[in-house]
Amino acid sequence: MEILSEIGVLGSNMVDDNMRERRVKHQEGNTLATIRDIEKGLEANLQECMNFLQVLTEDNSRKGATAEWVSEDADGSLELEVVHATRPVTAPVKPSLHIHERLESAQRVSYEVDDSAVASQSSCRNVHTEAKKPRFQNVVTEVDLELDNVPRMNKKVYPHHDCSATKMQPSNLQLQLNGRIRTWSTESISETPNSTPRPQSVLSSTGSQNDKVSVCVRMRPFNEHEKVCPLKQVLCSQKDKVIVKDYNYLRQGNTANTKAECQFDVDYVLDDSFLSRGNRQRKEESQRCMYKILGKPCVENALDGYNTTIMAYGQMGSGKTYTMMGDGTLCGRGLVPRIVHELMHRVHEDQKSGACFSIQVSYLEIYQEKIRDLLVEKKMEQREEESGVTCSFSQTESPSAGGRGTNFSFRRPIKKDYIRIREHPVTGPSVEGLIWKDVATYGEMDKLVKKGTANRTLATNRGHTLFTVKLTRMQKNEKSKGTSVSFINLVDLAGKNWAFHMFNSHQFFISIPPSNREIINLKGSEKMALGQKPLVERTYESRYINRSLAQLNDVFTNLSSGRSNGKFVSYRSSALTWLLRESLCGSTKTILVANISPAEQDFQESVHTLKCAAKAKRIHGPSNQDSDTKKQICMKMDEEIRTLQYLIADLTKNTTQSSSELIKHGKKSPDEVEILRPTREADGRSCFENVFQRRPASWR
Ligand SMILES: Nc1ncnc2c1ncn2[C@@H]1O[C@H](COP(=O)(O)OP(=O)(O)OP(=O)(O)O)[C@@H](O)[C@H]1O
């Protein structure tokens, strides 16, 4: 176990010397690599890394161990197994290395570098398994070395298992990224030469300029329950793809005409499945990486006056709240606190240079299709006491809930808590009476986030939450006076859960405790009578959640198939899609974070999430042509406003002038002028109407 936990920090340049030494001591008398050795290999370029692996192999072989590449995955990765008399180690080299030759102890590595390839950065991923191979008495450790952005081998020149020796030319390692950014955490990687571009954001990743929704997939680590059970990892991430290893599994044994693998192309994949949950440093790296890729560009966008929406989608317990909010610790802060922090910082910086901003936030929850403001002053508990509606229950642990969420209380909100969505003809859907709190500092914003989170109907996320930051910039310069407003919408969607499926599928039936199974055959009232109220409540919640998520999915389907084919997109069928309408079809840039679980038991849900994400990725925003037309319309409208302002000013001046002149010259008394006012105003109106009539048709 000690080895396992130590190996867990490999690849991180945050391993301290103590750890290194401990590891060395631990290896005393053995021939295995120390952390230092492995790091050396990882931090070096491909050539050095390969040398390192070779040395490791030879070294072990010299000292009586046998070493060989033992297996090859479908994705082309090879597994190196080093077996020592007392301590075996399995070190699989992961897909992105793409070695297509069999490497044995004294054999030379041969490969050729593809010119368009990228190089030099490396990182390490670690998967831990215990006692996988019973033939070894001692520890079996899997060290999963992944070298990101290393050159792809040229398959044509060097087919599989061709061992013709061609030495790799390090000069061939092109220090350039080929378009898309697929780098694992920059923090974990040793500094690369200046010529190597830094990772970019999802928003700026390649792909069609008209892509409305960018999709990022995040795979959570195995939880304690999954680590204990011998569950296999069925999804594998590869740069901007997620590969479903055993697609036939989906078909439940129906192997005819099915693909063995299925792949989903997205914009970015963050695979945390190798993370050990207790490892704070890797956790922070991962969260920071998520922020760099998604959060930072979102702040930039807002400061530039554009709207951005980030939504986390996935099954229950897949890490949505972790992605959006974090785990409550400083190192594990999620997107919301990090975005808010950066935004406040940037606004303060800009204010120093004379810019004028105001920031307001709102926080709401959609629970069972009803909307609640989470920033209301009065606490829920007080209201419950007043209304007398409250109940608490304990939840049997969900298999996918990540070993948490055992007890929570259900607090039914009272009717007056609910607010309604209204459709504004110009600004679109808005929530009536939603509180917008002014914030000036990060502390204030943080307090509001915490308050809102505490005000949620349930301790766990059984409703969708929408945290919105409204940034108003007051333009002071002569050229562009007025204000520009931008929104950052941060949406934590509720996840599907087993309670819903329990009533619908046999598979989930067997996953619930036997004591609860008999209630499936009972009617609602009987279930209540059995004291299963909490379970029934959860089922109702799940129904609402699943219905609204299904509607969101429908909207994705309709939008991805192109609205041009005349399909009506029904946004108003659920509160969620209605509120997100602007994010899905308006000018807002949207990022969908599809949270998935690496475990076999969540396979179906993960694939469902990936399918939904793939649909969202196909949604196209307004074309450049459209935006050009919009620009022209805006310019014309600006012109029109200026003309009207001029006319109003002119008319007011004339009216007051002529009235005062009439009084002054004694031609009319003030009373007579007052009587004449309606006639003058009517004249003014007709003048306006004339102007309106003369407007070009395109203005109307
Ligand atoms: N990338 C990750 N790294 C480390 N821990 C994670 C990660 N993703 C999720 N977890 C952990 O998994 C557990 C479940 O995550 P979380 O509560 O965010 O799921 P969720 O999808 O929001 O669930 P629900 O739908 O019930 O709200 C938490 O304990 C969380 O800390």
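Cβ coordinates come from backbone N, Cα and C, glycine included.
When TrEMBL is compared with the stretches 387-406, 667-686, the one noted as region 'Disordered' is 387-406.
Secondary structure at Gly314 (ATP binding site), as computed by DSSP, is strand. Filtering Gln315, Met316, Gly317 by Cβ distance to ligand 1 (under 6 A) retains the following binding-site residues: Met316, Gly317.
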